Amino acid sequence: MIIIDPLLKLHEVVHVLIKLHFTLNMRNPNKLLLLLLTLTTLNLCLFPQKTSAAQLRHNYYANICPNVEKIVKATVTAKFHQTFVTIPATLRLFFHDCFVTGCDASVMVASTSKNKAEKDHPDNLSLAGDGFDTVIKAKAAVDAVPQCRNKVSCADILAMATRDVELGRLDGLSSTAASVSGRLPQPSFDLNKLTSMFARNGLTQADMIALSGAHTLGFSHCNRFANRIYNFRRPRWTADPTLNRTYVDQLRGMCPRHVDERVAINMDPVTPRSFDNQYFKNLQRGMGLLSSDQVLHADRRSRPTVDLWAQNSQAFEKAFVDGITKLGRVGVKTGSRGNIRCDCGVLN
């Protein structure tokens, strides 16, 4: 069993993770859980009093809900044993939440007859239900403890990671599908568009490349890249020339023309259940599933970073932790700008 002292500073946690080489698979559930709890910034926080972003701090729950991390860890462990998708699904849910109106769990809200919520925007329809289910179950487990009931926001449950992350997010007060448009990266984005979109959220090009490395886990649907393997340019059946030809044949076998759009393909065809730097090695071989993946190596401006992280897993691991931590600060709601939902799917 792997145990990491929750009082370790972030750089110390990173050092431990590097020593473990991120060797995560179904035979090592504790290591895989460690990734989820340390890197996806899934932190539980509360803000019952007036506050501001400047008051976000560490150890926020020490006197409010001291066992909150153990409660959530137990929930995530149980969920992980049910399905591996728990990890990539929660990572993607966190990203889609933070990039729209900030890290405020607005993506969790269900639509009503009077309001179409974020989760029902076309860009969010492919979010795996396991990510939502993980947060909902963790919230229920926390609220089952009388001392913690209604003291932990859904936004912070979705953002919990190490004890070295600033805590204190509130849940957002609104959620609309209209707010999603133009705020999430698209599969066809080039480097300029990717860099610009991340910059609007206070993230650098290096942060963008590091966070793209999360595509070493998870899956995508055939319709998100079909144009790359069939209709990239005339004549028909011509594939994107930046794609590895053998990889094209494999993708065509898994995603024939007119296939059901719900068919899902692993983002990383080599080590789909390990969080490692294989994603960058794949890009070097022309095996980036989406155009927005492969462009990171095709463009000379970002290629040196891809090549570095393909060779140096430690450098990538550190950059990913830095990037996901910065992502967790985007658009945080405090004071009168938010509250703590009793039900993550329903606005108070």
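Each Cβ is built from the backbone N, Cα and C atoms, and glycine gets one as well.
Keep in mind it's a predicted model, so treat the numbers as computed, not measured.
The cysteine that TrEMBL pairs with C344 in a disulfide, picked from C98, C103, C148, C154, is C154. Put plainly, the binding-site residues S106, T216, T271 were compared by Cβ crowding within 10 Å, and the winner is S106. Here C222 (disulfide bond) comes close to M254, C255, V259, E261, V263, A264, I265: these same-chain residues lie at least six apart in sequence, with C-beta atoms under 8 angstroms from its C-beta. For the Ca(2+) 2 site, the Cβ centre of T216, D268, T271, D276 serves as reference, and the other residues of the chain with Cβ at most 8 Å from it are L217, V270, P272, R273, S274, F275, N277, Q278, Y279, N282. Sequence-distant contacts of C344 (disulfide bond), defined by Cβ-Cβ distance under 8 angstroms and a gap of at least six in the same chain, are A105, M108, V109, V135, I136, K139, C154, I157, D171.
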